[in-house]
Structures are given as C-alpha cells and as structure tokens.
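S.K.: First, the structure itself, so that you have it in front of you.
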C-alpha cells in the first residue's frame, strides 16, 4: 500500500504546472482507462426522487474491474462518486432504498475524498490503474463466458441510475485468489443477480421499466379512484354509507369502514367469482331477531375477509336452472352496478344516486349511464339512457287519449266522402244536384285545405302552444260539420269541407308534436300510435254509420264528436318543452309533475330540456324558414318529407275515399258498404297490432313489413283489374279484391300509416320542429290532394290496373328509401335523436333487446 501511495504522490506533486492542467490530464487518463475497462462514469447531477418508486439498474459486480461506487445524497442533490482502484475484497451491491439512512457515518472503506461530478473536482492521491497483464487476464475471462453481454447492457443502462455498493465481509483480504475462487465469485454473482431480478423485477430495458411503472401507477390511481369516488348503485348500501358518515367521529374512521364495506359488498364481474359470492350470501344466516336494514348492514360489514377471493368453479357442474338464474342475475348486476372509471360517467352515476327517492325506485328502475361490460370484457359503445323515474302511466295515457280524440275527428272527416257521396248524388235524398266533377271537389278540397292548415299550424304551435293550438280546432270542427249538415247547395258543402280540412291540417301537425314532447321514451312508441288508432276508429265509425245514415245525418254525427275532445283538452297541461322555450321554468316543472307523477324527481329532465333549449337558442336564426335549408337541418326534414311522400303515394287515401266505388267497379259479389266496414275494422285492428310491436320490433322493421305487403297486394290487385278488363272471366275471383284490400290495409296500418307521423315528432330538431313539421304536414296533404283529385282521372287514362301498378312501383322505391335513409329511433330520447341527426355524435351500434320499464298503474 505504501509503494502505491508514494507513486501516487510523486505523480501528483511533480513540477510547477498549474493545478488546472494537472486536473485535466488526470481526468483524461482516468477516463481513458475507465473506458478501456468498460466502466462508465456518472458525471451529471443526479437528483434523487422523492417518490416511493425508483428506477434501479443492475451493475455486474467484478472485484477487479469495478471498484466500489457509493453514491451519497448531497444536500444540493449532487451525487458524489467514489472511485477506488486498489485491490479490495470482493464486493456486493444493492439498490439505494428510500428508507436508507443517508446520514449514517461512512465505513472505514468509504472514508475517502470523492470526485465531484458537478463541475468541480477534488484531487486526492489515487492508486494507479491495473497493469496491462491484469487487464489481459480479465479480458480472457470475459471471452470465456457470457458476462461481456451483461457488462455492455449494464453500461448502457447506467446513465441516470442510482446504485449503491457495500463491502461484503468474506473474511479474506487477499484479492489475488486462485481461478477457482474467481469462478466461485462469478457464480455467486450470477446467482445473486438472477435472484435480485426475480425479486425486484428490475429490467435493464428502460422502456420496460417505464411500462411497468405506468401500469403500477394506473392500478394505484384506479384503486384510489374507486376508494374515493366510487358511488354504489345499491340503495341500501349507499344509504348505509351516508349514515356511516354522520356517525363517524373522524374522516379516517369513515374511510376505513367504507373501504371495508365496499371491498366486501361489491361483487366481481368474473362469473365464477360472482357465483361463489352469491352462494356464500345465500348460505349466510342471522338470528331471527336481527331483521331490517340494520341486520343487513351488519352482515355486510362482518363477512369473512376471504369471501372475495377468486374461487374457480366449473359452471358445467352446476344445475342448468341455477346456471340460468346466475346468468340473469349477472346481467342485471352488470347493468345496474357496473361502475365506469370515467369521471364523467361516475359523475352521472352520482347524480343518479342523488335523484333516488326514499324507496330507491329511481335507481331500481333505471339503466345507468355506464359503458356496460360484455362477457368478453369489452365495453359496449352504445350508451342507452332511459328515464331515471318510474313510469307513472295514467297521466300520460290521459294526455294521449285527449289528443287522440282529435285524431278520431280527423279520421271521421277524412272518410266522410266515401259513404256520403253515394247518398249525396242521389236526387231522391238530396235537394240539390251534385255532379261528378262537384263530387270530386267535395272529396279533393279537404286535402287542399289541409295543406293550408299545415302551413299555418307551424307558427301557431310556436306562439300559441301545442295544447292551445289543438284546442282551437275543436270549435271549427263543430261549425264545419254543421255547415255540411244544413247545406242547401254544393257551395255550403264545399265551405264546410274546406273549414274541416283546414282544421285537419292543423291537428295532424300538432298532435304528434304534443305527444312527442309529453310522453317518456319508453312508452312514446305505444302511446304515439294512439292518435292513429283513434283515427282508424273514426274511419270505421264513419263507414258503419254511413251504411245506415244519409250524408246530412252523418254530418250531424260528425258535429257531436268534437265535444268530448273539447272537454278533455281542458284537463291536460301544455308541453313542458314549450314552457321552457318561453322561459316559464316553474310552469314547466308543474307540467312535468303532472305528467310524471307528484312523487317523481323531474329536475334532471327539466335541466335536460333547458340545456336542449339553450342549444337551440344559440343556433337559432331570425328567419326560421331559411334555417330549414341548412345542411344539418335538411337531412331530418328530407327524411320526414320522404316518408310523407311514400305514405300518400301508396294510394291509401284514394282507397279510403273511393272504397265503395272501387268495389263496385271490381264487380265483387260482396256488398260495397259491407266491404268498407270490413276494411275499416281491419284498419282499426291493425293499428293495435302496431302498438304492440312498435316498441319491440322497432320502426324500421315495421316499415319493411308494411312496404312489402303493400307492394304485393297492389300488384295483385292491378293484375285482377287487368284480367277483368282484357283477359278471361274473373267473376269466380270476386273475393280477391276484398282479400287484397284487407292485406293492403293491414300492412299500411302496421307501418306507413302511423310511423311517418310518429317520426316527424322524433327526428325534427327542436329549434325548427314547428316550422319543419308545418312543411312536412303541408307536403303530406298536398300529396293527398294530388292522389285523391287525380285518382279518377288516372283510372280513366291508365285503367284501374295502371293506377294500382303505379302505386305499387312507388311503394317498391319507398322500400329502398327506408333501408338507406330512415334511422331507427326506438328507445331514444329526443335529445339523443337530435344529436345523431345533427351529426354531433359518432355512429354507434344500438343496444339490442332492452325492454321498456315496468309501469306503475
């Protein structure tokens, strides 16, 4: 040791060169020697981490090449590196841990003056580097083993690392041991390094380390989020936590008890674990005197801790009945208790929890705003949002029934000409003459007036309100029927029909808008078909009464029908959406309370209406009619207009207006009046079939079935009339026209009859709903006028078969229109439909098989 010290002293003290030159040469020499030996110096300031996780890198131990390096934390976070280039006993290493005492006095071997890596360099006499012979021997050992690769990887990973080495007391101070000892040391090092890597999972790959760290941090954040933000959808559990918060003496006590409760209460989504939990819960029992919620909470808290451990159970060993019950329960659990770690979803869950009433009905009857988890662990993209309130059905039925009586009047007025024209053209009954041309105007003026009423109705429902506009049509309906009943000439009949048609246009516009804004999405399809059903009742009533009454008595009956409609309209409120649009928040709240029930929490729905109205106001234009031409508004308007076009050009009103005449021309062996009654009954019953199917099969499926049925029957009916006019005798097929008419009416009433009106109130945006509905209604009645006014001319020019074939071809084109353009609106709120139609949400697959919620009758 003394010889080496003398050489070091002599080398460091010779000459009078400046100290800086000596420092530079010594540093350069040490660098060159260190690089030759495979050693990488730590020269940058390495600040210590104040977190609990550090990146520890393994440096292979070599008692010859790698001297002891012991980083110590400087008060200024400077790592001091100590280089010892003298023969020492074998070294071992370990990562520098956070709990190490950095103020512990250094050992005797560590009491050396360090080289500072922070820009300044303190020089002390250092031992010379190993001789070339020693270096050569070490390189030979490198070539014999695979240690060289480990050294290179360690060299690359040393940057930025914090490594601490400590001396291993082996009891042997002689470093020049034999080769067997060296081999033993190398094997010992390999074993320790392998064990360290297995225990600490420390990778020399920085990307792997960062990936593992991110995974650890993500799991830690998730656990913290679930512990702090997790809100239980279980009503009893949530209420218990709220009571626990009040009773806890400190926040720590509350969080501790809550974590214990949540850890044992919430079940795993793993089916095997969930099934095991269910079995354990079913097997648990308590004393008979421990009943009620307190006993339930006590059982939740004092469950065995190992209850949540995964237990592998083969579902094949279970009974099939238990298996089905389990799968049903698990699906229910996933829908009602699946918690998303997304903060927005969790905030919505928290809001839903606040909505719950004392009995928790809101939570139990709701599907939450969550990304539901499928069996393969992937989230569904569709988020289905029904109401969070139980459906209070009676008030909504009363509202739908009230406006549907107006639809009954509309149906009666529309079908009036079919039985009335037969007696009106009879000079033995009528005191004035009605020519064929005048009769066509009696049938055609009503749709023309409805066109004007549809245009006028749009502004009226915006300024007067939906309810008041519907109510305003009741008295004119009575006046129009009295004008016809007391008519002494054709002019009075035409005036009465024009006034009735004008009211029909307004009513047909406002009825679907009112229902669309008052009933809940879960029953909108069912109750939305009530106006169509009552309209068909009005048609049937007109056909049946027309077979026994002349045109004047039939008009008096028409004057009596609006009376109950007028009375019931005074009992229902205005739509909450219209109140919100006028800034009448309190009246909107009262209307919602009336519609949803006094015990219902209407604040969330009211807030949704206000947000929707605010969006509509921000995007509103002074010229609403020009707003219709914007691209995002043109799409829903075009769909609505297309449905109205294909509805009317299916020829339905030509069939209804001239049913008796068509059966007479067909030469049917069945009485014409009886045929009209049969058609009316089928039309009425088919609507109720549609009511049952529309919220189960969906809108588009019913449109497909409706269109195909009409195409087939119209082509067959056209073939019958063609054969009758040009072909063989078809008198033995007198039943065929009635059969085709029944199937045709059945198909129309299932789909293209009610759905275009229903979807008009669904797909049109709120800010243009009044004007757009006005345009769609006017267009519908324009098409009705064209079809009814030109039907007789078509039969003369093309023959009856040509007219029916034309209607069938149009229906065939309508099938492709429905397939390509018409969206499915089943089970969606108006806000969701509007966002999708306006292009503000991405296209997502619909949630299948979600049934409507149970009713509180």
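Even glycines carry a Cβ here, placed using N, Cα and C.
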S.K.: Do residue 434 and residue 587 share a side of the membrane, as Swiss-Prot has it?
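M.R.: Swiss-Prot topology: residue 434, residue 587 on opposite sides of the membrane.
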S.K.: From the list 45, 428, pick out the residue that Swiss-Prot labels N-linked glycosylation site.
M.R.: 428
S.K.: Scan 802-822, 823-843 against Swiss-Prot and say which stretch is down as transmembrane segment.
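M.R.: The listed stretch tagged transmembrane segment in Swiss-Prot is 802-822.
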S.K.: Within 10 Å of each Cβ, count the other Cβ atoms, then let me know which of the glycosylation sites 428, 550 comes out lowest.
M.R.: 428
S.K.: Which residues, given as numbers and ranges, are at least 6 beyond the ends of the topological domain 'Cytoplasmic' (462-473) yet have a Cβ under 8 Å from it?
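M.R.: Same-chain contacts beyond the flanks: 403, 406, 503, 506-507, 510-511, 513-514, 517, 566, 569-570, 572-575, 578, 770-771.
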S.K.: Counting Cβ pairs under 8 Å to the transmembrane segment (802-822), which of 393-413, 441-461, 674-694, 701-721, 741-761 comes out on top?
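M.R.: Against the transmembrane segment (802-822), the leading stretch is 701-721.
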S.K.: Of the listed stretches 441-461, 474-494, 637-657, 674-694, which one has the most C-beta pairs under 8 A with the transmembrane segment (553-573)?
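M.R.: Top-ranked stretch among 441-461, 474-494, 637-657, 674-694: 474-494.
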S.K.: Provide the three-state DSSP residue tally for the topological domain 'Cytoplasmic' (574-636): helix first, then strand, then coil.
M.R.: 44 helix, 0 strand, 19 coil
S.K.: I'm trying to understand the geometry here, so how far is the Cα atom of residue 550 (N-linked glycosylation site) from the Cα atom of residue 428 (N-linked glycosylation site), in Å to the nearest whole number?
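M.R.: Taking the Cα atoms only, residue 550 (N-linked glycosylation site) lies 11 Å from residue 428 (N-linked glycosylation site).
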S.K.: Using a cut-off of under 8 Å between C-beta atoms, tell me which stretch among 441-461, 529-549, 674-694 contacts the transmembrane segment (474-494) the most.
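M.R.: By the under-8 Å Cβ criterion, the transmembrane segment (474-494) pairs most with 441-461.
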